[in-house]
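Asks: Here's the feature list from TrEMBL:
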ACT_SITE  ASP80  active site
ACT_SITE  GLU174  active site, proton acceptor
BINDING   HIS78, ASP140, ASP197  Zn(2+) 1 binding site
BINDING   ASP140, GLU175, HIS380  Zn(2+) 2 binding site
DOMAIN    207-305  domain 'Peptidase M20 dimerisation'
Amino acid sequence: MNQLVERFLRYVQFDTQSNPSDQACPSSQGQLVFANQLKAEMIAIGLTDVSLSDDGYLMGRLPSNVSANVPAIGLIAHMDTAPDASGAQVKPQLVENYQGQTIALGTSGEVLSPEQYPDLNGLHGHTLITTDGTTLLGADNKSGIAEILTAIATLVANPEIQHGEICVGFTPDEEIGRGADRFDVKKFGAQWAYTIDGGPVGELEFENFNAASAEVIVHGVNVHPGTAKGKMINAMNIAAQFQLMMPADETPESTEGYEGFYHLVAMSPSVAKTTLHYIIRDFDQDSFAARKAFMTEQVAMLNQNLQGKGRVELVLSDSYFNMKEMVAPHPEIIELAQAAMADCGIEANIKPIRGGTDGARLSFMGLPCPNIFTGGYNFHGLHEFITVQGMEKAVAVIVRLAEKTAQTYISKENA
Ligand SMILES: [Zn+2]
């Protein structure tokens, strides 16, 4: 079996599910067990300065093999799997030469069908790796780790391929939003990086939402209902009024593409005090600011209408920002990725991420960091799968990206 598939199948045996209710870093011990294994493998492949921090950040570098001044680029993947489905005792199934059939996932009763997942129709002849229907697969993001290390091993085995310094970083706890928290950008040493954490072949992402949360806190007055006349102020009624003041067609269920939204995610209701928890999302900085201003105005208006019979407070806090702002000033980061894909016969599929990524946070920490495909599908659930051909393309793109970057800067230096 080829090295790439062997690595991937070996990695998914490690249970590295992260745990949002554990405040430790990493949030689960399994991630450290896996990290130690990877550390030994990185050293064996020939990476230098391999280090694993106590909090589970694993880094190493492949020194440049050219004398020219080529920028150091980073490759990043995460070691944890999503809390949404079990990642213990993963038993992958290999389906060779797929021909469009519905695939039974082990004896679980779960199936993978082209009716439900039309992407399968484009994968005839490919080798699929699926779950047995009882766990997730962990292609998110162990395929990224297998692809990065296979690409590095390819560069080591083929010294005629020119490349600058390549910095490799594997992070814990991405799935619970903490992967960038303790990432040491300076120690990592790259000028920019790519997370290898996307989906189908061709995916290239460098735009994500600007994100904020908003708490609308309504203060009412509670009195015994038997003697409440003229005294009780029911905070829940005021909260309901507020929600109706929000645009009904600017919600997650009625938007797509580059459209932003307000989303009432939860509420804590009572007569005396009701809190509405919203998230605000928008790709554009100005309309993101306008959304926050709109909520502020609506709160002011409602307070005015209440004339002291109840009071509404608003607490806004920013969560993360669109990485485009940090990536756009360096167009070569995207151009090189697109060109590397084109050289591998792949047309880059650039689309905005309707969410956030660790790459977005790293971008604002000084490490511009777009996202490249892994070849996987249906992350975070029992129907997760990946193709061997897609993984091989990811390896080819990473190798070509390293080479292309070196060639580009060598010819700049000679110009
Ligand atoms: Zn991921």
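FYI, residue positions are counted from 1 along the chain as it appears here.
Using N, Cα and C of the backbone, Cβ positions are placed for all residues, glycine too.
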Asks: Tell me the Cα distance separating GLU175 (Zn(2+) 2 binding site) from ASP197 (Zn(2+) 1 binding site), rounded to the nearest angstrom.
Replies: 11
Asks: Any idea what the Cα distance is from GLU175 (Zn(2+) 2 binding site) over to the residue listed as 'active site', rounded to a whole Å?
Replies: 7
Asks: I'm trying to understand the geometry here, so how far is the Cα atom of the residue listed as 'active site, proton acceptor' from the Cα atom of HIS380 (Zn(2+) 2 binding site), in Å to the nearest whole number?
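Replies: HIS380 (Zn(2+) 2 binding site) has its Cα 13 Å from the Cα of the residue listed as 'active site, proton acceptor'.
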Asks: So which of the recorded positions ASP80, ASP197, HIS380 sit close to ligand 1, that is, with a CB under 6 Å from an atom of it?
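Replies: The qualifying recorded positions are ASP197.
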Asks: Count up the helix, strand and coil residues in the domain 'Peptidase M20 dimerisation' (207-305) according to DSSP, in that order.
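Replies: Grouping H, G, I as helix and E, B as strand yields 38 helix, 31 strand, 30 coil.
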Asks: Quick one: Cα separation, HIS78 (Zn(2+) 1 binding site) versus HIS380 (Zn(2+) 2 binding site), in Å?
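Replies: Just about 14 Å between their Cα atoms.
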Asks: Please list, in sequence order, the residues in the chain of ASP80 (active site) that are at least six apart in sequence and whose C-beta is under 8 Å away from its C-beta.
Replies: THR16, GLN17, SER18, PRO26, SER27, SER28, GLN31, PRO172, ASP173, GLU174, GLU175, ILE176, GLY179
Asks: Measuring Cα to Cα, how many Å separate ASP140 (Zn(2+) 1 binding site) from HIS380 (Zn(2+) 2 binding site)?
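Replies: Given the Cα positions, ASP140 (Zn(2+) 1 binding site) is 7 Å from HIS380 (Zn(2+) 2 binding site).
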Asks: Would you list the other residues of this chain near Zn(2+) 1 - those whose C-beta lies within 8 angstroms of the C-beta centroid of HIS78, ASP140, ASP197 - in sequence order?
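Replies: Neighbours found: ALA77, ASN141, GLY144, GLU174, GLU175, THR195, THR374, PHE379.
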Asks: May I have the list of same-chain residues other than ASP140, GLU175, HIS380 whose Cβ is within 8 Å of the Cβ centroid of the recorded Zn(2+) 2 site, in sequence order?
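Replies: These residues sit around the Zn(2+) 2 site: THR81, ALA82, ASP84, LEU136, ASN141, PHE379.
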Asks: In the three-state scheme derived from DSSP, which category covers ASP140 (Zn(2+) 1 binding site)?
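Replies: Once the DSSP labels are grouped into three classes, ASP140 (Zn(2+) 1 binding site) ends up as helix.
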Asks: Looking only at Cβ atoms, how many others are within 10 Å of the one on HIS78 (Zn(2+) 1 binding site)?
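Replies: Around HIS78 (Zn(2+) 1 binding site), other Cβ atoms within 10 Å: 25.
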Asks: Once the DSSP letters are reduced so that anything not helix or strand counts as coil, what is ASP80 (active site)?
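Replies: In three-state terms, ASP80 (active site) counts as coil.
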Asks: Which residues does HIS380 (Zn(2+) 2 binding site) neighbour through Cβ under 8 Å, counting only same-chain ones at least six apart?
Replies: ALA82, ASP84, ALA85, LEU136, ASP140, GLU175
Asks: Once the chains shown are all counted, how many other Cβ atoms turn up within 10 Å of the Cβ of GLU175 (Zn(2+) 2 binding site)?
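Replies: Other Cβ atoms found within 10 Å: 25.
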